[in-house]
Amino acid sequence: MRTLNIGILAHVDAGKTSLTERLLFDHGAVDRLGSVDAGDTRTVDGGIERRRGITIRSAVAAFTVGDTRVNLIDTPGHSDFVAEVERALEVLDGAVLLLSAVEGVQARTRVLMRALRRLRLPTIVFVNKIDRAGARTDGLLGDVRRLLTPHVAPLTEVADAGTPRARVTRRPPDGRTAEALAEVDTEVLAALVDGPEPTGEDVARALAARTADGSFHPLYHGSALGGQGVAELVEGLLGLIPAATPGTSGGTSGGTEPRGTVFAVRPGPAGERTAYLRLYGGEVHPRRRLTFLRRESDGRTTEVSGRVTRLDVVGGDATLTAGNIAALTVPGGLRVGDRLGGPTDRAPQFAPPTLQTLVRARHPEQAAPLRSALLALADQDPLLHARPAASGATALLLYGEVQMEVLAATLAEDFGIEAEFTPGRVRFLERPAGTDEAAEEMPWLDRTRYFATIGLRVEPGPRGSGGAFGYETELGALPRAFHQAVEETVHDTLRTGLTGAAVTDYRVTLIRSGFSSPLSTAADFRGLTPLVLRRALARAGTVLHEPYQAFEAEVPADTLAAVTALLASLGADFTGTTGGDPAWIVTGELPARRVREAELRLPGLTHGEAVWSSRPCEDRPLKAGNSGPGTGVGGHSGE
């Protein structure tokens, strides 16, 4: 049986969960339609999700059509849960991008489409809610071509749009489809220019090929609630998006080592962690011993090994084969992002979170349970980067205020803990400015000091590398426990740099070492390492960087001058201005700490008509005269 892993992506309230419920019901996977409003949907499994009517964690459900099993992954629509979307993108064979026929193309939709196009992930556009008052079809197609992708063609037509009588009919690939395909398919272009004109079969083959390579996007219409157009959408999924098979997933079931990625973690009924694994090659069966690679927040790669004690393959198979998804349990627990058989080739499409907050228990007796709960939540979302901070608090990284509210509710409902969050602050980072070193010799006569010899060199590492530790001394020159003490302390110490911000993209090398067998302990090395490291770091110097966000603002033509003046005053660097009457699109990059102000002031300048979207991009050195950590703008100092 073939397997098709499909992600459903959209702006909040475009109908993702409703479409999932419709697909499951129409193909016999559930015996009744769930409702987001009623709180009885299949894929929305948390109390917070049910009350808010939004998806927070990617959920998996499956149905079967003929010889194809379709695994549906219902992803979050809110921008504060962008990390969940990124993990889902890694495991997909294709995607359905939903639009509301009433609200049309929204800011979040454009961000998602950019990510899908960068990945060249096969994507079908589905215009939902055609039976709602105010629904548009022809005008919306123009917006899709202008704002999402010019390479799109409708394969359905709608009659009586905007009324309960709305209905959908198929529109076979024709000359208009061929003209749209000609922009991305040279054979179709040659046939249109030189003849003979392509037949319907020729156009259909080209449509399938260009959809499969992610360069073209078929568009369907329908209503998830009413069911109109859903059969046509399924027909498009099966016919236009290549399904995973053992051959296309990177291995067969006959002896190749398994390769896959953990994209979600959920707590089990007995407190165990259940991991969701997409397998790209090989096979996994119960009791098999697996070794996962884990990238720690400080840049190190560690191994997690264990036997599979529980394996539930989506669809009910006994063995997990290439292309499929399963929930499994391994003693010791897995984290989101753990890789089986090495990393995948796909790079992250979204930057890490840039807001930092401190979390404390409202009641002192809950301080220890709060730390344990936050560590458990960090296993589900490693980008939280939970770590100890000053005064018994825990520091977290977040994307926005909604994520903070959800975390507070999760702690209260799932763990019984009342937590208090400080207002989110932009997280600054330090990077080494140069290379330098420091050393401290073992004091043979002074027993009040550390019985250890340590020399360290600090230098810049490649951008995006995090942190690395190496040796120029012989590994046998120190006991293993002393080596481990130095390495762990280096990474712990650099969580706070010279200005109070965390240090990143560094390489620290142990260049000198020594110990006294009867006197030295690992504690001596843990105590001396921070002193030597901070001396070397101060000599090398650091450069403070602040996060930036790439923005896109669509504004009425008569407000362009006022908008650009505002953005310039907030420190924006412009990368482009396109369009004309009636609207202009302004793009650029803006310090993350000024984004909220831009969002609040734009509506007043544009009669409420501005469409704004932004996403984290590469950070930059902090400009002279701007405030950094510890000043009320940057991260928390002294952590």
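Glycine is treated like the rest: Cβ placed from N, Cα and C.
Computed from a predicted structure; not experimentally measured.
According to Swiss-Prot, the domain 'tr-type G' annotation covers 1-247. For 10-17, 74-78, 128-131, the entry in Swiss-Prot reads GTP binding site. Look at Swiss-Prot and you will find 247-267, 611-639 tagged as region 'Disordered'. Annotation source Swiss-Prot lists compositional bias 'Gly residues' at 627-639.
Recorded features from Swiss-Prot, shown on the structure.
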| residue | record | DSSP (3 states) |
| --- | --- | --- |
| A10 | GTP binding site | strand |
| K16 | GTP binding site | helix |
| I130 | GTP binding site | coil |
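Per-residue pLDDT, averaged along the domain 'tr-type G' (1-247), amounts to 84 for this model.
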